[in-house]
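Notes for the one structure printed next.
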Amino acid sequence: MPKVTFSGSAPTLGVHAPPALDPRQPASPPPAASNGTHARGFSPPADMPTWSGTEGVRFDFNDGCRVLLPDGDWTVRLRDMHTDTPLFDAQIGAGVVTSTRKHFVPFLIEIDAGGRRVFKHLFDAHGKPVLIQFEAQRLGEALGWFGYAVKFQRQHRCKLTCSMPAPLIALLRPGYPDIEFVTPELVKPECYYATYRLGRFAGDEAHAYQPSAPQLVGAHRSAAYMLGVDPREAPPRIELTDDSRPLAGPYVCIAAQSALRCARWERPGGWRELQRFLTAAGYRIVCVDSPSPDVADESSALADVAYSLAPDTPWTERARWLRHAACLIGVPGDLSWLAWAVGAPVVLISGFTHPVSEFDTPYRVINSHACNSCWNDASANFDDADASSCPRHAGTLRQFECARLVSVEQIKRTIRSIPGIAC
């Protein structure tokens, strides 16, 4: 698999957005017909590299390393300076050299002509505008990814812009005044020195976007490897405009819903028994996942005894409820990530994911005697798009046993281990 591709037909060089443009200036949304934003929230790079070099060379790092060459006879070399690995060394004419690796690599570009060095550039984002794009459908995981974007900003001292859905911006912007936040349709790709995309990239066997698969290192830590920063997790700083306590008395939040059936805790009578346990201890139950009346499963037993937030409750309001809760009891999903982000103890009922998959919590509940961790097993062919997927035991009595065999007593013991809990 070649590490660098070369296209021999160079676009016509002309007036193109210069690096001096400030991506922090307000931008108006492009017309709907010209909005090239992908459904996942990723904006395509500018048609031509955005930075000007000597001898008519243009370059940037907005889709991996891109080097545009005018007419001439050039010797182009690209090197990964972290691993000291040569990636490309060839004599070419007019064209575009583009690396196949799109995640962060500290590229060195060297160009010779006529036996002399005419251009040299080592990646250096200090003081330069950098864009990090967050996949739109991964709101919870994006909270885990964001800490690595902050590490990238601090490591490279760049002018960071983060593109993400509006609910995430409302949650994160108050805590990070030195970072520019934009929704995907407001991205101006011609302004940036470098761009990186954080998301899940199924089928990326060439590791073009993610050098380490989420199944191996964790859904959030994969972003650390995409950005080349310390993989130790760090929750984001969440500053709420209204951080008052929503209830005077003690309460526990519950997030039992999931689009994936394998994520749900379907132990017969489990949620009802857990509700009685918490109520007897004096805790009110608040369903922060706004359970749908159209979904009938074991968690439906909570409908008549719990207070449920409205379906249109903003993320900032859900964060307020979670921050002041004694704990969240939930399954893997967006609201578990949100609880982690605001510092609430998370009793995470799991099974289909290995503990490496999500944030670290001492209150994870998993039964290792049951089938488990199929999401992390490449041979299991787990299908995220199939809401009823049980890759190992579909159609048998063992289907979804991973979470179902988590007992109420195991969850109770975990809850009692939380400091300050009176159960």
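Placed from the backbone N, Cα and C atoms, the Cβ positions cover glycine too.
Some features that Swiss-Prot has for this protein:
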type	residues	note
REGION	1-49	region 'Disordered'
COMPBIAS	1-10	compositional bias 'Polar residues'
BINDING	CYS371, CYS374, CYS390, CYS402	Fe(3+) binding site
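On the structure: features taken from Swiss-Prot.
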{"residue": "CYS371", "record": "Fe(3+) binding site", "DSSP (3 states)": "coil"}
{"residue": "CYS390", "record": "Fe(3+) binding site", "DSSP (3 states)": "coil"}
{"residue": "CYS402", "record": "Fe(3+) binding site", "DSSP (3 states)": "helix"}
Binding-site residues (CYS374, CYS402), the one with most neighbouring Cβ atoms at 10 Å: CYS402
Residues within 8 Å of the CYS371, CYS374, CYS390, CYS402 Cβ centre (excluding the Fe(3+) site residues themselves): CYS262, GLY351, PHE352, ALA370, ASN372, SER373, ALA380, PRO391, ARG392, HIS393, ARG398, GLN399, PHE400, GLU401
